[in-house]
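Enquirer: I have a structure I would like to understand better, so I am pasting it below and will then ask my questions one at a time.
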C-alpha cells in the first residue's frame with residue numbers, strides 16, 4: 001500500500017541513519033586504535049624500511065589518523081547498509097534485487113581495489129622509488145631513504161582510497177543507466193575518450209613505469225566493458241518483458257515511498 005509520508009519523517013530517518021553510521025565509525029576507530037601497531041605493521045610490509053618521526057607528537061597524531069582512516073575505510077559496508085535501509089521501502093521487488101546486487105558488487109570491488117593496490121601496485125611502486133637510492137662505496141654520493149611515518153601513512157591512504165573509488169566504475173555506470181537509459185549510447189559513442197581518460201588516470205595514480213600503469217588501467221577497461229555488456233543484457237530483458245505488459249524500467253525515484 002502506497003501513501004505519502006511527511007518530509008519531516010524522512011529527515012528524521014536520515015538523521016537516525018547518520019547517527020548509526022557515526023556510531024559505527026567511532027566504534028571501528030576505537031577498535032583500530034587498540035591494534036594500531038599490528039595495522040601499521042601490515043602497512044610497513046610492502047616497503048620493509050625503518051621509519052622515523054621528526055616532531056614530538058608526530059607518532060601519536062599518526063596513530064590517531066590511522067585509527068580514523070581505518071574506521072572510515074571499514075565502515076563503507078555499513079554506509080551502504082544505511083542507504084539500503086532508507087531507500088528499500090520505496091523500491092519495487094525487482095529494484096530491491098537490483099539494488100542488493102549493486103551494493104554487494106560495490107563492496108566486493110571496494111575491497112578488491114585495495115587488495116590490488118596492496119599486493120600489486122605497492123611493491124612495484126616502492127621498488128621503483130627505492131631505485132633512486134645511492135648506496136655503496138662505488139657511488140659518487142649517498143642517498144638513503146629515511147621514511148617518515150606520517151607521510152608514509154598519507155601516501156598509502158591516498159593510493160588505497162583512490163583505487164577503491166576507481167573500482168566503483170561498474171556500479172556507477174549501471175546506476176547512471178538506471179536513472180538515464182541513454183547513458184549506454186553515450187558511453188559507446190565516447191568509448192575512445194573514456195579509454196584515454198583511464199590511461200591518464202592510471203598515469204596520475206600509479207608510478208611512472210608502464211607495468212604499474214597497466215595493472216591499474218586493465219581492470220578499469222575490463223570493468224567498463226563488463227558494465228556495457230550487463231546493460232545490453234538488461235535492455236534485451238526489458239524488450240522481452242514489455243510486450244507482456246511489464247514495465248521493468250519504472251523507477252522508485254518516480255514513485256511514492258511505501259512501507260513493507
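Note that Cβ sites are derived from N, Cα and C of the backbone, with glycine treated the same way.
What Swiss-Prot records for this protein is below:
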- 39-59: transmembrane segment (TRANSMEM)
- 68-88: transmembrane segment (TRANSMEM)
- 111-131: transmembrane segment (TRANSMEM)
- 159-179: transmembrane segment (TRANSMEM)
- 193-213: transmembrane segment (TRANSMEM)
- 214-234: transmembrane segment (TRANSMEM)
Enquirer: Three or more CB pairs closer than 8 Å, sequence separation of 6 or more: does that hold for the transmembrane segment (39-59) against the transmembrane segment (159-179)?
Expert: no
Enquirer: So which of 68-88, 111-131, 159-179 has the most C-beta pairs under 8 Å when paired with the transmembrane segment (214-234)?
Expert: 159-179
Enquirer: To the transmembrane segment (68-88), which of 111-131, 159-179, 193-213 is linked by the most Cβ pairs under 8 Å?
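Expert: That would be 159-179.
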